[in-house]
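I have placed the structure first, in the form of structure tokens, so that the comments after it can refer back to it.
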Amino acid sequence: MEPKENGSELGQKIIDGPTNPMVTPLLNDLYQFTMAYAYWKAGKHNERSVFDLYFRKNPFGGEYTVFAGLEECVKFLANFKLTDEEIDFVQECLPGSEEAFCDYLRGLDCSDVEVYAIPEGSVVFPKVPLMRVEGPVGVVQLLETPFLNLVNFASLVATNAARHRFVAGKSKSLLEFGARRAQGPDGAISASKYCYLGGFDATSNVAAGKLFGIPLRGTHSHAYVSSFMSTDEIVDKVLRSADGKTTCEDFVSHVQTWLKKIQYSPSLSGIFSETNQSELAAFTSYALAFPKTFLALVDTYDVMKSGIPNFCAVALALNDFGYKALGIRLDSGDLAYLSREARNFFCTVERELKVPGFGKMVVTASNDLNEETIDALNKQGHEVDAFGIGTYLVTCYSQAALGCVFKLVEINNQPRIKLSEDVTKVSIPCKKRSYRLYGKEGYPLVDIMTGENEPPPKVGERLLCRHPFNESKRAYVVPQRVEELLKCYWRGSADEAREVLPPLKEIRDRCIKQLENMRPDHMRRLNPTPYKVSVSAKLYDFIHFLWLNEAPVGELQ
């Protein structure tokens, strides 16, 4: 694609392609191409259409969702182009299609498409359009499946991450450890990115760290510990001090000396007797490799009788040479109990052996954690500083999909509606504007949709907000602040300014700030208060006029 199409003539930065090279125009459902052909055959392919991308219900039994995936959608738009090879394949899939349709596909791009969206990382709610896509119906129809694919999982896993952050609390570190359990390579990469967006602090996924600049965290597994048989396997025993001024020629012996001191300590001697020496060898070896970031997995054999004492011996030896060990990881057992016992042990070492700060060692917990287990740990009382969460986080174990939809709401300036016996599936017609209204305490009160040409809500002026389908649900609101939600992120080749795609860190900061600004009763895990989504009185009347106009009238005989 030429730079003037991808970046505009305003000198805006050229937009790279999607992170995953599999995201091409062929990442589509077949019926998008059959409809494109039918539109083209009927001469309707250039008719101006408006589609809304939205969801109908918040995930995980909650009352909020985090919007994610917008950046990847814009990258897809900016680089939308079918190759000759792809066009040949589409032709094979549509037997009997005319050759001229291939010429049409060959000329397709998104230079006549406009996309308005809520900023990525925003807290969003059902029915309100996350994205409004305008353009020739033949092109926009080919954006539906890719956009839904890019937004559905991204928003789901970002919301899952935000919920884990909420239950863990602001003070805890959250580490995403899900690569090995994710649904394939893209599931792993996407989950790492959007878990970070949703409030996690770091990932173990090296590829995601490289691609997105996410902080990396990780130490060692049980395999490393059990691979050692004794300290005799440690060949290089030399440790240079942190300041570089001294050298310990036999760090192994220094560790063993500290272990004996711990064993003979009056307050600690009753907890353990002999520790596992192969584990001690593994810890010592790892500390020699990473003296500045030593953190040990202590549950390979026995946490309190071996893992913790062995860790302390190595950490105390490192301390003598100017290094501060980071802490431990617990991957099994009663995490609440073991974390408390470990903390007590560390505090006793600090007190008995006069080592300032030793009691503040970081305790990391893993082992199939999820919202429920973290909530249970909180209720039991624990001393965990960081949670490593994998399977339940990245797979969104408690809900498989978000359920975003992409619905036509206007074509050739004519509003359209999708009806259903299930009222939750009735679409809200016409090209709309969306606003968030804030109350006196600074919290959002309601999101309201209006017709495109309606005057916007004004601060201090009373406004009637109506439920889109339930006539008895209505309320007056006097907003103290009004925020328009949809902003332009793509104007095709038009020489007009558009929103700049912010870096991931800024999107993450936005997400955290928005979540903090929500009313607490909307955020709680159990029985959260639903957030109000409404339409203006004028739009309400129009929805029901169009509904009656389009619904067939039955006849009784």
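Cβ atoms here come from the backbone N, Cα and C positions, even for glycine.
Among the candidates R132, R329, R340, R343, the residue that Swiss-Prot names alongside Y31, T219 for the nicotinate site is R329.
Cβ neighbour counts within 10 Å, taken over all protein chains shown, single out R329 as the most crowded of the recorded positions H222, R329. Annotation note: T219 (nicotinate binding site) sits in a coil segment as assigned by DSSP.
Between the candidate binding-site residues, T219, T391, the densest Cβ environment within 10 Å is the one around T219. Cβ neighbour count for Y31 (nicotinate binding site): 12 (other Cβ atoms within 10 Å of its Cβ, all protein chains included). Secondary structure at T391 (5-phospho-alpha-D-ribose 1-diphosphate binding site), as computed by DSSP, is helix.
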